[in-house]
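Per TrEMBL, the features are as follows:
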{"type": "DOMAIN", "residues": "55-291", "note": "domain 'G-protein coupled receptors family 1 profile'"}
{"type": "TRANSMEM", "residues": "41-66", "note": "transmembrane segment"}
{"type": "TRANSMEM", "residues": "73-99", "note": "transmembrane segment"}
{"type": "TRANSMEM", "residues": "105-128", "note": "transmembrane segment"}
{"type": "TRANSMEM", "residues": "149-173", "note": "transmembrane segment"}
{"type": "TRANSMEM", "residues": "193-219", "note": "transmembrane segment"}
{"type": "TRANSMEM", "residues": "240-259", "note": "transmembrane segment"}
{"type": "TRANSMEM", "residues": "271-293", "note": "transmembrane segment"}
Amino acid sequence: MSNQLQNTSSLSTAGTWNILDVRNSSPVRTAELRPLPVSPWDIALCVTGTLISCENAIVIAILFYTPTLRAPMFILIGSLAFADLLAGLGLILNFVFIYMLNKEFATLISVGLLIAAFSASVLNILAITVDRYLSLYNALTYHTERTVTFTYVVVVLIWLVCIILGLMPVLGWNCLRDEASCSICRPVTKNNAVVLAVTFLLVFALMMQLYLQICKIAFRHAQQIAVQHQFMAISTTKGVSTLSVILCTFAACWMPFAMYSIVADSSYPMIYTYATVLPATCNSVINPIIYAYRNPDIQKSLWLACCGCVPSNFSLRPRTSSDV
């Protein structure tokens, strides 16, 4: 902060620094005089973006080079991994643009990429939740009704919506000309941030309702199959526990940022924004573990790719609906 104040004081003599908002954005340099102090929060976000990119690149590579992984659920997992990969790259590009480029258009591009990627990540998680629900609700006819083509259509629609959201800042829906209208994430306007946050809360409410229905259906199946009662009781309990972890993790990562986006604006200290943004980005670190690496088929492909073999006791592990 002291360095930023020194840079501001030098404006009258050199006329080479342009501080857009010292409370809610990094200084934008119009001419290079001295290195811009690097925020440790920005470093943390860049490191997180690197980890996200590496994790999800592995998932995409496994799905791409394994012809047997072409079922609808794997298409959705691949779309989620691609969204998180773009989110990780967006965090890295945002760091580069802040400290090396500092152009308004570059800022709009990086912010648009992050909005599109994280929106796609959330919507793909919702699509996976719906797919899980349908696979249990219509267990007998699921594989005939749900086709690969239909899944591709859903994925395309998700990405069209998210691309439109990502283009909004570039097309003029930003606060670069009116700093008072900025949200906690400049250059997104306060109104746009509230709309995105409320939409997330609606998505979360729908996911919670679907997971409750999944739990009810799973327990009903366990009661109906008396012969396998013990096995079903164990697997159902495990499945419900897994779904609870998934839902709680999603809420813990995104809820603070969504609520803060609604109540706060650009006048709030920047440290609060970083403290809520970082957990939200960590959701993209956790997603590959929850939705990809826990899946037995992806695990098998990963073992074959890394070691050229599969552990002898791997096929003995019981499969449950929570594996998907």
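Just so it is clear, glycine is given a Cβ too, placed from its N, Cα and C backbone atoms.
With a threshold of 8 Å between CB atoms, the same-chain residues lying at least 6 positions outside the transmembrane segment (240-259) that come near it are 122, 125, 197, 200-201, 204, 207-208, 211, 214-215, 218-219, 275-277, 279-280, 282-283, 286, 290, 320, 322. Long-range Cβ contacts of the transmembrane segment (271-293) within its own chain (Cβ-Cβ under 8 Å, at least 6 residues beyond either end) map to 24, 39, 41, 44-45, 48-49, 51-52, 55-56, 58-59, 62, 77, 80-81, 84, 87-88, 91, 118, 121, 125, 128, 184-185, 245-246, 249-250, 252-254, 256-257, 260, 264, 299, 302. Same-chain neighbours of the transmembrane segment (41-66): 26, 74, 77-78, 81-82, 84-85, 87-92, 94-95, 98-99, 271, 274, 277-278, 281-282, 284-285, 287-289, 292-293, 298, 301-302, 305, counting only residues six or more beyond its ends whose CB sits under 8 Å from a CB of the stretch. Long-range contacts of the transmembrane segment (105-128) within the same chain: residues 73, 76-77, 79-80, 82-84, 86-87, 89-91, 93-94, 97-98, 154-155, 158-159, 161-163, 165-170, 174, 176, 185, 187-188, 196, 200, 203, 206-207, 250, 254, 280, 283-284, 287, 291, 324, each at least 6 residues beyond the stretch ends and with a Cβ under 8 Å from a Cβ of the stretch. Note on the transmembrane segment (193-219): residues 115, 119, 122-123, 125-126, 129-130, 132-133, 136-137, 165, 183-185, 236, 239-240, 243-244, 246-247, 250-251, 254-255, 257-259, 261-262, 321 of its chain, located 6 or more positions outside it, place their CB under 8 angstroms from a CB of the stretch. Confidence across the domain 'G-protein coupled receptors family 1 profile' (55-291), taken as the mean pLDDT and rounded to a whole number, stands at 86.
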